[in-house]
Amino acid sequence: MLSTGIRQLGFAWSMLSGRRFRVGDVLALADDMRATLQEFGSAGDGAGDMLTAPDPEIQANLTERRLRRTVRNAARHTPYYRHLFERTGVDPASVSPATIASIPPTPKGALRSMPSAFVSDAARPAVAAQTTGTTGVPTTVWFSQYELEITAATSALALMLVTGLRTEHVWANCITTRSIAQYLAERSVPMTGAGYVPIGPVDPRIALDRLATPVHLPGKRPQITHLNTTPSYLAALVQEAERDGWTAADFGLQEIHVGGEILTDALRDRARELFDAPVTDGYSMTEIIPVAGQVCAHDHLHVAADLGHVEVLDPVTFEPAAPGAVGSLTVTPFLSYRDTTTLLRYVTGDLVRVLPEAEKLDCEMAAVPATSRVLGRVTGSDLTTRDVLELLQAERALPLPTRYALEETGDAAGPVLHVVAERADRTLLARIEGRVADLALPLSGVNLVEDPADLSAPCRVRADLREHTFHTAGRRM
Amino acid sequence: MSHALRGALALDAAVLVTVGLAVAYLAKVRMPRPPAGLFVRSDIVIMVALLVIMPFAYLNMPAAVVCTVFGLVVFVGLQATLAPVIGGRTAMVAATLVCAFEVVAYFAGWSTALMVVNDGALVIVAAGVTNMWVQTAMKPSLVAGLAAALVVYDTVATGLASVTSDFMHLVNGIPFAPMLAARYAPEPIMLGLGDTLMLTLWPLVAIKSYGRVAGICAVVVDMLLMAAVFAGFASGAITWIPLLTPLGPLIVAQYLYWRRRTPVVVPVRAPLEAALRASYGEDEPADGTWVALHEGKVVGRGDSPGAARRAAREAGVAEVPVTALGRP
């Protein structure tokens, strides 16, 4: 208890000062938390404050201090920013949350084009993570051993304190094994004492079979209790399970966590109905780790301010988006968590709506800053990815994962929406067109195709990052 | 009965009150816990190190500094113990009043009042501190280890050297003295706070870890030890004793006894046991077939474990079966 207390003080000091953590202490703290939960069933008093400062004034003060350190370090050690500050004449010492707009935002393309220029001269790069590259060119992000260990340990603390993961649970990951999220999960989940099953994005029939397979391990529930995946792979699982007659009683799922893509209300409800488990929507991306967000019960995306500075910028002017306006999430991960690939004002390209001033937060995460859920990417029109997916996934006759393409034809009414359907039938088309009219979506037409190759542009989803196995699944006899 | 024996009896009574209060506190009150952390071996090492070092340090400090240190201990101990019972603010006020009274009593020369109030404060603090340890999951093995270490310490510091005796004289009659006292110098009747803590701690840990019977036995052992010491005083055979020298081995012996009596039960996984005893009869599965087994019977088949589990559910088996590829 005394040594844990000293570790907690050290952790709090690093959190408050923005200085580096002592890796051994944070790992030991995660272990202490696991032991505490195992002994008492709950964390002690004030555990919630371990991960985030509860007072907005303290939080603002901390953010300023952390941001200053991060900017100073980037200007001194990161080649891209050293040149940027020289070119623009901005004094790094003058940058604060109020004056951060003096730093030009970092576009995704800059990192994609020369990832090494973003690696700090003082860094010890250890692991390269590549984004999935659904747009065609992956982005490389280097991480140090320090970053990975700190992120894994703090993730373990969050899994225990926020997600409620316990030693009796069994966590399955159905995300690509090449992703940094997978790398971190296979370290953080075992730290909580829970069992970890890396299934990967295999054939959904095999994944369903593994989710249903009894495990009967000592101290664990008899089946997998938590599933972590992407919305498109969840969609593939839902499609396969519905088609093959699986029911919630075949599984032991208690929670489903998704992230990395847009989760629609329709898919969330369909998955919850099928697996009889709540679906939690999260937000993160390789480049901005460990900054992450979670969608609350009121459908806000809450992104904690402890791990990075978050802005919402107009996607065209890069000025701060006004309340009620749509903007791109722009993130500066703090130095105490990210010392290798350093990013200042990184434009993620993920669009959100700034909450209108009149909208007061009264959800369970009200203390954490929030925006709307992610709306998707810029499409060239007012239509967002979420608009299209909500429209299409509400129609159960369309196959999952949803595949579509928008084609600009110059029509003032908007682009044409090409959608993959099992059968291009007129009744289905009429239903979709009716819904487009009801929702007043800016589309000039809808076209059903039966082959994804017939789409006007390729539609890539994370569920396509399929991994192969030699398993077979699953016929009853 | 002499005044000295009445004093010794009063100290024994104070110890029993402490034990009783601590047991009642354990049953009724949950102390606030730190966000993370249990009482572990390193805590014992730190405690023993402090216990060995601090008396020497105190002997080289001015009495006012020693008084301040123990004043803080009593204040924090009282506040932490009383807060879950009467609320944080009231506990703060109560602790302040007690500490203020001790200081006033000292300067006013009310030595009996000082002794009685300080004894009362120490009883509450001892009940609270032992509960804090037990409620942060202090294990019997750790108490036994602490007791064993204290046997060595107390035998040397109290029995063979003059450290404890010098310390007693240093804190004699000052506010917040860490001694239960029935009479101050020149003929002091005192019991160290460490002795009180260990006499209280083991019954609590025994109750929590081994149950009520073990707790009652621990209290009975405490009482027998105190009775033996009292008899020693009454007969004139002893005039002082390092109490932990006999108490330590008694705690270790009780720990070893209850540990033997309470074997660690590793729960078996009944579904697996039943599956391994399953009788297939006519249902011998073909090669490559997965079977779902429940209560020793095949309740589903499939060409994968998930398919077999699902077949079991479709056959009306609500529990999660064991799956095996052919005969396990």
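Just so it is clear, glycine is given a Cβ too, placed from its N, Cα and C backbone atoms.
Nobody curates TrEMBL annotations by hand; they come from automatic prediction.
Within the listed segments B:164-182, B:240-258, TrEMBL records transmembrane segment for the stretch B:240-258. Nonlocal intrachain contacts for the transmembrane segment (B:90-108), taken as residues 6+ away from its ends with a CB within less than 8 angstroms of a stretch CB, comprise 71, 74-76, 78-83, 114, 117-118, 120-121, 173-176. Counting Cβ pairs under 8 Å that are 6 or more residues apart, the transmembrane segment (B:240-258) and the transmembrane segment (B:189-206) reach 3 or more and are in contact. Sequence-distant residue pairs (6 or more apart) of the transmembrane segment (B:213-234) and the transmembrane segment (B:6-26) include at least 3 whose Cβ atoms are under 8 Å, placing the two stretches in contact. Tertiary neighbourhood of the transmembrane segment (B:189-206): same-chain residues 4, 7-8, 11, 14-15, 18-19, 22-23, 26, 51, 122-123, 125-127, 129-131, 133-134, 138-140, 143, 146-147, 150, 154, 164, 168, 178-183, 214-215, 217-219, 222, 225-226, 243-244, 247-248, 251, 254, 258, selected by CB-CB distance under 8 Å and a gap of 6+ residues from either end.
Taking every recorded stretch in B:38-57, B:114-134, B:141-163 and counting its Cβ pairs under 8 Å to the transmembrane segment (B:6-26), the highest total belongs to B:114-134.
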